[in-house]
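Pulled from TrEMBL, these are the features on record:
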| type | residues | note |
| --- | --- | --- |
| DOMAIN | A:20-440 | domain 'DUF112' |
| TRANSMEM | A:20-45 | transmembrane segment |
| TRANSMEM | A:51-71 | transmembrane segment |
| TRANSMEM | A:108-132 | transmembrane segment |
| TRANSMEM | A:144-162 | transmembrane segment |
| TRANSMEM | A:169-186 | transmembrane segment |
| TRANSMEM | A:206-226 | transmembrane segment |
| TRANSMEM | A:323-344 | transmembrane segment |
| TRANSMEM | A:356-376 | transmembrane segment |
| TRANSMEM | A:388-406 | transmembrane segment |
| TRANSMEM | A:412-429 | transmembrane segment |
| TRANSMEM | A:472-491 | transmembrane segment |
């Protein structure tokens, strides 16, 4: 009952006109950029980070979160109509969604993915509401050694489970950690890697890194590559969207299974929506009576992964809000936004800033209801958005990046720094380095160093503290297994993500 | 297809050099301390070392497999960066509208085909939007045109 009382307070926070407006803005933008291939949640949240300097913390987080889960609703639209995923986690929706569109059932596919998204998200929020308070109680007993081990596991998991080669993922985490070292050392006041440039004494700006690497570099990489494919010439009418009884019957169990798979992978550090949706597709193929239907427009092939990635988008907030450990790079940006506002994420967040925590959860409910309305009666609007050419979109993106970063300090120098990171990000794209783990390393770097030094101070330099404490020992054990596997895989040239994708692709047959 | 994987050879080498430099800088400029009381140099030194090691791990196997030579798309790269720089250098002396117009026209050069009319309309529309959203809406103290405010 305590939870209900807190949730009531959360709704009081989320229902203020300002928060309601920003929640709507977030989910609207999220759907918009989710629908459009070539711009993702990461780039959009980076672009809107400067706004967090102008509005209160709770409002800012409500909006940024809205973009994140809104994008996972919109992502499947382009998958179904163009066979081109709008977001990475919607890639699976191509497998059966596009065949459905070719059979003239695009409307049904769009309707059912929205329903599946809503089911997955709602149950995800319930799980978040029930587990987060428990987990943050447990986390209060963590010592600095446990924290260090947990962050290490989070980073290694994010790097090894990401796309591409695990060794390159870990290298990017390390590079991010190095960037995080720039600035003033908290314990001694020593200036590190600042080279007497006063601008660097507060460290490299998170906003500049995120905007440069995910905004500017993405645009450079996308020009000439993103072309507007012909939108399937189908009129999406309300009548064409109505699923049959058989569609409902075939979908409700996969939605629940998808939610289960998604909630689990969402809460794991480093896994997230993409892996969750591929996994749930694999599960559906395993339990199906007739697996040969998959890839030819089987409805459970879109509803289960959609429930999974939306449930994952909600449960990803569990480690972020309770432990202060971001599961993926979008969550890392959210943590960054909190830190910018002077709020230290971690197990005390819930008791120190209850209106932020519960207000955010209440806003998830409101945001998902808004998304249901945005995605069913207004689906025609989004389908038309797919016709916006990239040559109009990218100057607008760049302009928002430039004005946004300029507005933080009214300094043109910040714009130059963003451009420098844009070049760095482009070099990384060309050398096939995944930029997302860099951001995780950058944000967790200073925290990890602090916990390591505190742990060493408390244990008087005895490293045994890491394996004598059961919590830390088990985190380190899992980390070691992942690392060994990563080294093995980099020599053999395989990765978890590519193997999963191969499994799902096999469905196409 | 090249005989060696040049993408990873370049990437690995860059990481190796960066890691070694980071290690050297941390060791020579900051106090390493000891385990019991780690100094400001210890953690960065460790990171530099690991960076170099992973650089090596990426570099060495790349010599023994086929791969591709990364080719940057020079035109978009230069146009986008030049667009950002023109915005940066115009916003303070000239104001928001000139900076926006310059950015839109310069970044349009990133594409092979130029559609001047479309770019002009886009520049005008984005200028109006920028002034409405940022100067009027969010109250960012940047005038639309600088010479009006003097």
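Cβ atoms are placed via backbone N, Cα and C, with glycine included.
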Legend entry - Annotated stretches the transmembrane segment (A:472-491) and the transmembrane segment (A:144-162) touching (3 or more Cβ pairs under 8 Å): yes
Legend entry - Chain residues in Cβ proximity to the transmembrane segment (A:323-344) (below 8 Å; excluding those fewer than six residues from its ends, i.e. six or more beyond): 41-42, 45-46, 49, 52-53, 57, 60-61, 64-65, 68, 135-136, 139, 150-151, 154, 158, 206, 210, 266-272, 316-317, 353, 356, 436-437, 439-440, 442-444, 447
Inset, instruction - Tell me, roughly as an integer, the mean pLDDT over the domain 'DUF112' (A:20-440). - result: 85
